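Undergrad: Taken from Swiss-Prot, the feature ATP binding site applies to Gly127, Pro128, Thr129, Gly130, Ala131, Gly132, Lys133, Thr134. According to Swiss-Prot, the coiled coil annotation covers 465-508. Annotation source Swiss-Prot lists SUMO2 cross-link at Lys465. According to Swiss-Prot, the feature domain 'Kinesin motor' maps to 43-368, an assignment based on sequence analysis. Under the heading phosphoserine, Swiss-Prot lists Ser412, Ser427, Ser452, Ser543, Ser562, Ser581, citing a large-scale study or a structure entry as support.
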Amino acid sequence: MAAGGSTQQRRREMAAASAAAISGAGRCRLSKIGATRRPPPARVRVAVRLRPFVDGTAGASDPPCVRGMDSCSLEIANWRNHQETLKYQFDAFYGERSTQQDIYAGSVQPILRHLLEGQNASVLAYGPTGAGKTHTMLGSPEQPGVIPRALMDLLQLTREEGAEGRPWALSVTMSYLEIYQEKVLDLLDPASGDLVIREDCRGNILIPGLSQKPISSFADFERHFLPASRNRTVGATRLNQRSSRSHAVLLVKVDQRERLAPFRQREGKLYLIDLAGSEDNRRTGNKGLRLKESGAINTSLFVLGKVVDALNQGLPRVPYRDSKLTRLLQDSLGGSAHSILIANIAPERRFYLDTVSALNFAARSKEVINRPFTNESLQPHALGPVKLSQKELLGPPEAKRARGPEEEEIGSPEPMAAPASASQKLSPLQKLSSMDPAMLERLLSLDRLLASQGSQGAPLLSTPKRERMVLMKTVEEKDLEIERLKTKQKELEAKMLAQKAEEKENHCPTMLRPLSHRTVTGAKPLKKAVVMPLQLIQEQAASPNAEIHILKNKGRKRKLESLDALEPEEKAEDCWELQISPELLAHGRQKILDLLNEGSARDLRSLQRIGPKKAQLIVGWRELHGPFSQVEDLERVEGITGKQMESFLKANILGLAAGQRCGAS
């Protein structure tokens, strides 16, 4: 009893230690299937930078059209009423005396810490052409911009956090691309051609085939970035001698891997985006290729505005796919990134409309809500110890066993009764790491019950060996049953086909004969009557000696067209034809001619196909040229064509003939 109590105590202690040791692994396993920690929603932060007057600019002595009020607000003249000003409120405002360090430290540097938490961040430079976007992002050797400052600080952070002795190992990679005329081009590998933008099952935007360069120091970054920057497309316009003709995107990825259990891994992305500026082709003087480039830039920026409006209005469809720029910015606007928009504006009055447009876009963008999250997953090799322990539970290979057939069939209970190594006891509990302590206690009770039964010599039917054998036997039986069913189905199908063929032979012998021996037994065709205008009816009571015969039965024989064309049989077929007496036709013509020569315009309208206009034409022609000599002279009237004349005769002569026939009857 004492030994049994000590064994139970050891098992209880091992269960508690196992639950505490692998609780983190259970959480990581949940994160692998999408259970990520989500921080609260984050609004897109907007900063506005006012560049100084450019040297040599005409009208530099004039007062600027924009004026800063404090560190977060500015005002601009109202073009509708010059006595008023429009005020804008943003997260930050940097005047014309602000430096590159002020902008970086105030707006960009605070979001870098999110990368080490496995979250995404984005920095976008927006504004019209010549407003200083590229200077803000790249800068100069004397005044470095956002990109070199961010990379320098980020690499320093990764070196500190990934140093020896720290729980995480960090690595940094970079990619650099441009969107030129709706084509995604790799600036690190210009020969790669147009790349496609994809979306994985978790909604992450990726570009297959995009180059990724590992960097561990700022020197590594410069070695890759400087040659790639020279590959970006630039051109000269009237407003800017080095105008960016494409949108440039620098993607920096930070991978983190935990050195200790539960061996988690994180991935954070930093998007540094230099957007091309919107252009007014009337002022830039773009022609040819420059005009085509300007059209592509303005179109993508217009779609960007539509995306912002759709997000603010809560529309069910956000047009990310209408442009490759918005498709790539899906994480930055309304996605999972901490985003900062730097709107660059110019103080000159000639850029007033562009400045107002940029400020309105910035004001709409600050209403966009992003939902960042920490993307954690479990490293693949973290599941290795669990798999090894499961293999150990299956026992040694068959070749190393020296047991009889009875032991191999039933299994030995000794390994379950005696305490084994710690790994063998911990591995079953690792599967249950997500359960609460009460459930673990119940499983321990069941384990004790099974152990007590095993110690009494009862066969353990739940051993892995037994389970495999029973499962294999069940699978073999199911396979045999399936084969028998398939064979039986084929026999039934063959029998049904034979029955159908026999029924066709018995009930449809003519269908199985050759075509040349088939006999045509068609029914006698019905008589057909040709119904002419005014429903001409055959008068059965008419006298055979009558002067006018409207219908006459005319019989003629036709050959039946058989399928094989071999039967010489001929069938007589009766049909009805319309035959009008010449006297009736002459009488109808004369009556129409009298009406044309003597009738008024109202009388003429009683004729078919004659309306008020044609009646007036007939009366006028008759007054000028005299009476008609024949009905066909009606075609000489101006406005009556030959086709109209034929239609007139058919409609009126037959109608009058039928009317006279009915009157005679």
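Including glycine, each Cβ sits where the backbone N, Cα and C put it.
Thinking about packing and proximity, how do these listed features fit into the structure?
TA: Within 10 Å of the Cβ of Ala131 (ATP binding site) there are 26 other Cβ atoms, across all protein chains.
The average pLDDT for the coiled coil (465-508) in the predicted structure is 80.
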Undergrad: Other than its own, how many Cβ atoms are within 10 Å of the Cβ belonging to Thr129 (ATP binding site)?
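TA: A count of 22.
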Undergrad: If the ATP site is taken as the center of the Cβ atoms of Gly127, Pro128, Thr129, Gly130, Ala131, Gly132, Lys133, Thr134, which further residues of that chain fall within 8 Å of it by their Cβ?
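TA: What remains near the Cβ centre is Arg51, Asn240, Gly277, Asn344, Ala346.
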Undergrad: Within 10 Å of the Cβ of Gly130 (ATP binding site), how many other Cβ atoms are there?
TA: 24
Undergrad: Using a 10 Å cut-off on CB atoms, tell me which of the binding-site residues Gly127, Pro128, Gly132 is the least crowded.
TA: Gly132
Undergrad: Could you tally the C-beta atoms, other than its own, that fall within 10 angstroms of the C-beta of Lys133 (ATP binding site)?
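TA: For Lys133 (ATP binding site), the 10 Å Cβ neighbour count is 27.
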Undergrad: Let me know how many other Cβ atoms fall within 10 Å of the Cβ of Ser581 (phosphoserine).
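TA: Summing over all protein chains shown, Ser581 (phosphoserine) has 15 other Cβ atoms within 10 Å.
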Undergrad: Around the C-beta of Thr134 (ATP binding site), how many further C-beta atoms are within 10 angstroms, looking at every protein chain?
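TA: The answer is 23 other Cβ atoms.
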